[in-house]
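Asker: Here it is, the structure, as C-alpha cells.
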Amino acid sequence: MPAAKCLVTGGNGFLGRWIVAELIKRTDYAVTILDIFIPTNAVQTDRINYIAGDITDAEAVRAALRGHDICMHVASPPHHFPPEKFKKINIDGTQNVIDACLNEKVGRLIYTSSASVLQDGSPLENADETFPIPKTFIETYSETKAIAEAMVLKANCDRLLTCSLRPSGIFGPGDTQGTPGFMEVVKKGQHVLQIGDNSGLFDWTYVENVAYSHVLAAEKLVAGSGVAGQAFFITNGTPTPFWNHPRALMAEKKIAPPYLIVINFHIALIIGFLSEMAGALKKMMGKDAKEGFTRVRVRYISSNRYFNITKARTLLGYEPVVGYKEGIKRTMTHFIEQEEQEAKKKTQYSTAGHMGRDQSHSGPGALLPSHRICSSATIRASPFYTIPVHYLKRRGVLLLLLSMAVIAYLHYLYLGPSSLFHRTNYPEHLDEDMDSFPDYMTVGRIRERPLGGPAPIHGVDEGGFEIPEEAFGMPGRSGDMGTPSKDGQVEQSQKDAGGTDDDQKRRPIQFNFRDTLSRTGARADLIKQRQTVVREMIQHAWTGYVKYAAPHDELKPVTAEKLDDPQGWGSTLAEGLDTLLLSGMTEEYQTAKTMFLDHARNHRWNQHSLQKDPSLQEAGSSAGTEDGEETATSQSPADSNANSISFFDGVVRYLGSLLSLTENDEAKDPEVLRAAIELGDQLALAFHGTNPALPANRIFANGSVGSNGILFGKVSLAEVGTFQLEFRKLSQLSSINKYRDIAQRNFDYLALLNPRVPGLYPAYFDPNAGVAHDYVASFGSLSDSFYEYLLKTFILTGDDRFKDSYISSVEAMHAHLISRPHRKSNPQLVLGVYDTATDTLVPKMDHLSCFAPGLLAMGARLFGRVQDMAVARGLMETCYLSYRNSDTGLGADEIAFLGTEISQGKEFEMPQPSGFYAIDPEYGLRPETIESLFVMYRVTGDAKYQDYAWSIAEAIEKNCKTKIGYSTVANVMDASEGMTDRMPSYFLGQTLKYLYLIFSPPELASLDDYVFTTEGHRLKFPIP
C-alpha cells in the first residue's frame, strides 16, 4: 500500500511526465495526473490515476485533490501563449490549487517555479535565493511565475507546508520547444548565425534532475527541516556559454556550421526593435502577429544567467543524477530515434495513399515507468533562436536595418576598437573524432580567437563548475592598472580613491549560511568538536612559546630554544595576538598584548635613531649617501642587518598587527595607534631611495636605505607592492594622509610599467630600469601578495582602479599561467611559472601559490566571474592533492608535474603514484592551503572544504607535534627524515587561525566585514 498519494498538475506535459516517472520508481507513492489533456491510450492502475481537468476551474481542482497528501503543481502555459493566459493559469490557477490544498487538508505543496523569476533584463551571475525579486519584469511569463511563487510561499503554515523549485533551461527527451527549435534552425541553415560573443553563461538543466528535485522536496518538506517556505534554484550546476548548448546538440548528429556569422549585440537589438515594430504595425492592421525576434530575447541569450544551487544541495540533498554531457547524449539519442520513427511513418502513410497525423501526447506507456519517455513529440520551431531576415526583407526594411546597423557599429567603435569582419579558426571542437572546421566570421565586432575556444560542454569539477579545456574570456572590464593621462600620471577614476558612495550595495562575499547552516545535529556537533581540537592546538603552541621563547621571535620546538631574526621584535607575539583573541583565549591574549607592547617599548623602532620623514612632498629626491652608506641600489653588508628594518616584514608583520589591534581590541589603547604611526614613519623612509615610488628593501640605523642582496639590486614584485592595505588603513585610523599618498604614488608607478603581457608582471625587476622585455612571471614566490592586494585593496577602498587591475591580471593568469590536465577527467589545475621569452609554462607550484584559490573565489563571488570559480576549485584540488597524496598527509613546499611534449606546459600529466614530484619536500607549517580552504568554505558553503582542512589538522598533529609546540618537517614523502626544529611565527598567526575559523560560526571574522592582510591580520572595511 503506497505511503503517500501525490497529485501532479500538468502531469502529462514534458516535465510532468518525468516527475510522475520519478515518483513511480519509488514504491511508496500513488500518483494522480491532473491535466487538461489525457491520452486516449492512458491506462489506469492501482498506482496511476488520470483526471481530465483545468486548474482554472476551482471546483475541479478541489475535487481532484480530495484525499491526497502531496500536490506537485507543475502546470503552466508555454512561452508562446498570450499574456492573458499566463495570468489566468499561473496566478488564478495557482490560487485555486492553494485553496484546494487548504480545504482538502493536503499537507505538502511543491510549486514548479522558474529561474526566470529574477529576470528583469540585467545579468544574473551566480545568483542565489537571496537575490531580490525584481520590481519590473521584461516579459509576462516571468512576472506571473514570480507572483504565483510568492503566493505559494506565503501560504506556508502548519496546515500546509510549501516550497518552490526554480529550474533553469530544462532540456531532455520529450522537449517540444528548445531542442526541436534548435534542430529546426539547422534545417533552415540558420545555425551559422550567432548573437553576441558567446560570453554569456547560461544554466541548462537535464529534465530528470528537475524531476528528482521534486521528489527530494516532497521527502524533505517536513516541519523543522528548514525547507518549508523556501525557494530553491535547480540546475545541473554547469554554467555553459549559451551557444555551446545548441552546438553540443548538433555535434551529436555530427553537424557543425560551415562558418559562423556573429551578429553584434547592439545590431541584434536593432533587429529586435524592428521586428517588434513590424509586429506592432501588423496588429494595428488587424492581422495576426506572433511574437518573433525581440530585444528581450537578445538580452536573454547574450547575458549571464547562471545560479548557485548550494542551498538545494544543503537542505534538499540535491545533486544532479545525470551530468550535462550525458544529458546532451540522451536528449539527442531520443530526438534522432523520433526523427527516424517520423520518417518511417511518413513513408508508410505515403504508400497507403494518405497522410497520417501524429498526436503530440501519445501514450502514457511511453512514460510509466519502464517504457521510453515521450514516445513522440510535436516539433515546434521556436522563433527564439531564429533570425527573421526573410521576414524583414518582405517588409522592405532591410535597407533601414543596414543603415541602423552602420550607426550601431560606429557607436560600438567608440566603445572599443574592432574590425567589421575578422576570420580565425573555428572556436571549439564539438567532437574529438570530427575534422577541423572552417573559418568563422564576425559581424559588428572583432571576434578574437578565444584562448583555446569557448568553454566546452564537458570537464566539470566535483563542485559543479565547468572547468574549460582552455582559459576563456569573460565579460567585465579588463585593462591596465588605471588610465595614464597625457602627462604620464594615472587619471583618477570617478570614484574617490578613499571609497565609493555605494559600498553598501557591494555584493556579499560570503555564502548565505543563514538558511542552510544547521546549528544542531550530528554534523554541527562534529564541527564543534573539531573547533575544540584546533583550540587545543593553539593553546599547545602558545604555551610552549611563552615558556621557552617569549618574547623572542620564534620557538625551536624540538630543542626548546629561542630563535630571532635580525630585528628581534617578537614576531610570534605580533602575529599570534589576533589568533588568541578570535579563539576566545582572553587571558592568554591579554598576556600576549602586554608582552608585545612592553617588548616594543624596550626594542622600539625609534631606538634605531632613524630619521623622521620630514615631508613626503620632497620624497622624489634621492636619499643619496649618508655616513658612507650607499642607498637603495647598493647591497649592504650582511652584518648591518642587525641595525635595520626589513620594509616587507615591518609592514606585513608588525604594522599589520598594530592596525588590527587598534581596530579589534576592545580597550582601544591609544598607545597602540601611536606605536603604529611611529612605525609607519620609519617605514616611510624606505621611499627615500633612488626611486621614490618603490620601497627599498631595508632601512638602516642612520636613515639610509639598502637593496635586497639576494636579488643583486633588483626588487621583487611582492616586496614593492604589498603595503597598500596597511598604509591606507593607517591613514584612515591616524587621519594622516601621507601614508595613503605613498601608496597611491606606488600604484601609479606600477600602472605605467607596461609589461609585455598586460596584467602579468615580472617576479623581479630593476627599480631604475623598469620591466625587461623578457621576464619570468608567476602568482607564487616573489609575486604572490602583489596580486592578492589588488583585489583586497578594492575590497578595502572600493577604488575601481584596483578592481580593473585585478581583473586584468586574472585574465592574464587564465591565458598564460594555468596548466590543465591532459586527462580531462582530472579536476586538478596547476598555477605555473611562465617565461615570456619562450612562451613556455612550467607546470610546477610552490606552496605560496596556494593562496590563489581563495583569492579567485572571492573575486568570482564579488564580480560574478564563473570561470574564476572554476579555476579556484581546480587549483584547490591540486593544493589539497599535495597533502592527500603525500606519505605524511602534509604538503611539500614545491611540487611539479609532467609537461606534455607539444603543449609548452599548458597541459600536464600526473606521475604515479602520488600524482606529483616533490621538488622541495619540506613542510614548513605554511598557511596558504588552509587559508584558501577557509575562504573556499566561506564563499561556497561547501562542507567538503572543512573535511579537507580537518585531514590536514590531523596530519599536523600526527607528524609535527612535539612536547612544547609544532615543528616543520624535512620530507613529506618520508617521515623518517624527521623534523627541522622551527615553529614559524605565521603558524600561530595564520595556519592555526584559519584552521580555527573554518570550524567556527561563519559570522566570526566574516569576509563581509573584514579583509585579511597577507599575514592574516584583520582590517575592517570599507574605509569611510
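Cβ atoms are placed via backbone N, Cα and C, with glycine included.
Worth saying up front: this structure is predicted, and the values here are computed from it rather than measured.
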Asker: Tell me, from C850, C960, which cysteine TrEMBL puts in a disulphide with C879.
Answerer: C850
Asker: Work out how many Å separate C879 (disulfide bond) and T1014 (Ca(2+) binding site) at their Cα atoms, rounded off.
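Answerer: Spelling it out, the Cα of C879 (disulfide bond) and the Cα of T1014 (Ca(2+) binding site) are 18 Å apart.
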Asker: Roughly how many Å lie between the Cα atoms of C850 (disulfide bond) and T1014 (Ca(2+) binding site), rounded to a whole value?
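Answerer: Taking the Cα atoms only, C850 (disulfide bond) lies 12 Å from T1014 (Ca(2+) binding site).
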Asker: Starting from the Cβ of C879 (disulfide bond), draw a 10 Å sphere and report how many other Cβ atoms land inside it.
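Answerer: That number is 27.
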Asker: Where does T1014 (Ca(2+) binding site) sit in the DSSP three-state scheme?
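Answerer: Looking at the DSSP assignment, T1014 (Ca(2+) binding site) belongs to neither helix nor strand, so coil.
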Asker: Return the residues near T1014 (Ca(2+) binding site) by Cβ distance under 8 Å, restricted to its own chain and a separation of at least 6 in sequence.
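Answerer: V652, T722, D784, S785, E788, Y789, F851 - these are the non-local Cβ neighbours of T1014 (Ca(2+) binding site), listed in sequence order.
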